[in-house]
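Noted in Swiss-Prot for the protein shown:
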- Lys17, Gly18, Arg19, His137, Asn206, His207, Tyr258, Phe259, Phe260: S-adenosyl-L-methionine binding site (BINDING)
- Cys52, Cys55, Cys74, Cys78: Zn(2+) 1 binding site (BINDING)
- Cys65, Cys68, His86, Cys90: Zn(2+) 2 binding site (BINDING)
- 7-241: domain 'SET' (DOMAIN)
- 52-90: zinc finger (ZN_FING)
Amino acid sequence: MKKEGIEGTERFLSPGKGRGLKAIKHFKVGDLVFACPAYAYVLTVNERGGRCECCFTRKEGLSKCGKCKQAYYCNVECQRGDWPMHKLECSAMCAYGENWCPSETVRLVARIILKQKHQTERTPSERVLTLRELEAHLDKLDNEKNEMNDTDIAALHHFYSRHLDFPDNAALTELIAQVNCNGFTIEDEELSHLGSALFPDVALMNHSCSPNVIVTYKGTVAEVRAVQEINPEEEIFNSYIDLLYPTEDRIERLKDSYFFNCDCKECTSKSKDEAKMEIRQKLSIPPEEEEIKQMVIYARNVIEEFRRAKHYKTPSELLEICELSMEKMGAIFAETNVYMLHMMYQAMGVCLYMQDWDGAMKYGEKIIHPYSVHYPPYSLNVASMYLKLGRLYLGLEKRTQGVKALKKALAIMDIAHGKDHPYIDEIKKEMEEQT
C-alpha cells in the first residue's frame, strides 16, 4: 500500500512538539475525523469466552478453538481470520497449561513481530505514520523501565521461541519501548479493559489536556471523533491520560510515561485546579498550606498503595482501605476533591465486584456531578459513570432514574461513539425493555 494520507487531515511539523496531525477542512462536533484498523491487537485473557478473539464482538454461544479450548470465536470466518496470530499461542498454551502467562504487552509484541515478517508494504493502519517511525525514547528510560523491558524480552523468548524468529535484543528493546509509549488500551462502553493494540496513525496525534478529538473503538478499529469545532489548519489533539487530576499530577504522569512537558492551555492556565482540589467548607479553623500539602502526599501514596493492593488483598480489605482513606482525607478535602473521587470510584468498583448494588449506587451518586464538572465535555469517563448508574438503578427497580441516567450517557455517546455504534443500539434496547 502506498502512502495515501487521511482525507481532511495532514501530517505536519507542530511547533515545539515535532510531528503531528492537523485539519485541512472543518470538522464539527461529533464528526468522524478518521478511523484506523489495528496494526496488531490482542484480547485480554479475562475476556476469553465472552468475546470473539478476532473481532471483539460480545455475544453468547461463541465457539471455542478445538485444540487449546481457550480462544473463542463468532464463527469459522473469525477463527480463520485469527489463526495466523492464534497459532503463535495455541500449541504453547496446550504445552504450558497453567504456566502459560506472558503479559499482554509481550503477547502484543509477539504479534507485531509476526506481522512485520509477512508485511513488507504499508498497512491501512499506517497512512500517515509507519510503525517504524514510532517514538521509543530509549535514551530516557530509567533503570526500572529497562529492567521491565529485559523481563519482557526474556518472556518473549520463553513463550514464543518455537514459533518466532526474533530480531536481536537491541531491536526488541526498541520495539517494546515503542509499544509501551504508543500502545492503546481498547475499552468497552463502561471503560472495562478489553485488550491492547497498536494504531500508528492514531499515535501521530499530539496530546492536550483540552483535546479536540476523542478515540473510541468499534471492535478492533479505532475511531477518532471531534469533540470541539476544528477549523482548517488547527492541530488535532487527543488526550493520552485520565484528565480528572490537577495540573501537577497530569504533568508528572505525562513526563513519566511519554517523556514530555505539557504546555497546553489547561496546564498553563490551571483553570480547573481550584475546583479539583476543593477544601471542605465551614471548617472552624481552615487548614494551613502545609497541612493541605501533606494530605496531597498522603492521597497520592494511598492511590498507589491501593493500585498494588488490588493484586493480593480481598475485596473487603480493599473496601476498608477506601473507607479509611476517605475518612482521613475528608477531614480536609471536600467530597468533590479529585482524590476523594478517586477513592470513591475504587470503592464503587469493589462494591460492583462484591455485588453490593446499593453500595455501588451510593458511591456513583456522589461521583457523577463532580465528574461532569471536572472532565471536559463529551468525556467517556462521565458517559461510563452515567451508564453504570443507569444500569444499577434499573437492576434496583428504580426505573425512572435508570432511564434518565442512560439518556444522559447516550447524549455523550452519540458524539463520542457516533450514532451508529453497536453500544448505542444495546443501550436503546435496554431502555425499550423498560417501557
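Cβ atoms here come from the backbone N, Cα and C positions, even for glycine.
Note that the coordinates shown come from a computational prediction; the quantities given were computed from them, not determined experimentally.
Sequence features annotated in Swiss-Prot and their locations in the structure.
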residue : record                               : Cβ neighbours (10 Å)
Arg19   : S-adenosyl-L-methionine binding site : 14
Cys52   : Zn(2+) 1 binding site                : 24
Cys55   : Zn(2+) 1 binding site                : 18
Cys65   : Zn(2+) 2 binding site                : 18
Cys68   : Zn(2+) 2 binding site                : 16
Cys74   : Zn(2+) 1 binding site                : 19
Cys78   : Zn(2+) 1 binding site                : 19
His86   : Zn(2+) 2 binding site                : 20
Cys90   : Zn(2+) 2 binding site                : 19
Phe260  : S-adenosyl-L-methionine binding site : 18
Looking only at the binding-site residues Cys90, Tyr258, Phe260, Cys74 (Zn(2+) 1 binding site) has its closest CA neighbour at Cys90
Greatest C-beta neighbour count within 10 angstroms, which of the binding-site residues Lys17, Asn206, Tyr258: Asn206
Neighbours of Lys17, Gly18, Arg19, His137, Asn206, His207, Tyr258, Phe259, Phe260 excl. site residues, C-beta within 8 Å of centre, S-adenosyl-L-methionine: Glu135
When DSSP is mapped onto helix/strand/coil, what comes out for Asn206 (S-adenosyl-L-methionine binding site)? strand
When the Cα of Cys78 (Zn(2+) 1 binding site) is compared with the Cα of each of the binding-site residues Cys65, Cys68, Cys90, Asn206, Tyr258, which one is closest? Cys65
Nearest of the binding-site residues (Cys52, Cys55, Cys68, His86, Cys90) to Arg19 (S-adenosyl-L-methionine binding site) - Cα to Cα: Cys55
What does DSSP say about Cys52 (Zn(2+) 1 binding site): helix, strand or coil? coil
Relative to the mean position of the Cβ atoms of Cys52, Cys55, Cys74, Cys78, the recorded Zn(2+) 1 site, which additional same-chain residues have Cβ within 8 Å? Glu53, Cys54, Phe56, Thr57, Leu62, Tyr73, Asn75, Glu77, Gly81, Asp82
Tell me which of the binding-site residues Cys55, Cys65, His86 ends up closest to Asn206 (S-adenosyl-L-methionine binding site) in space, Cα to Cα. Cys55
Euclidean distance between Cα atoms of Lys17 (S-adenosyl-L-methionine binding site) and His86 (Zn(2+) 2 binding site), Å: 38
Using Cα positions only, nearest of the binding-site residues to Lys17 (S-adenosyl-L-methionine binding site) (Cys52, Cys55, Cys65, Cys68): Cys55
What Cα-Cα separation, expressed in whole Å, is found between Cys68 (Zn(2+) 2 binding site) and Phe260 (S-adenosyl-L-methionine binding site)? 43
Would you identify the secondary structure of Tyr258 (S-adenosyl-L-methionine binding site) according to DSSP, in three states? helix
Going by DSSP, is Arg19 (S-adenosyl-L-methionine binding site) part of a helix, a strand, or coil? strand
Want to know which binding-site residues, from Cys52, Cys55, Tyr258, Phe260, are within 10 Å of Cys90 (Zn(2+) 2 binding site) at Cα; which are they? none
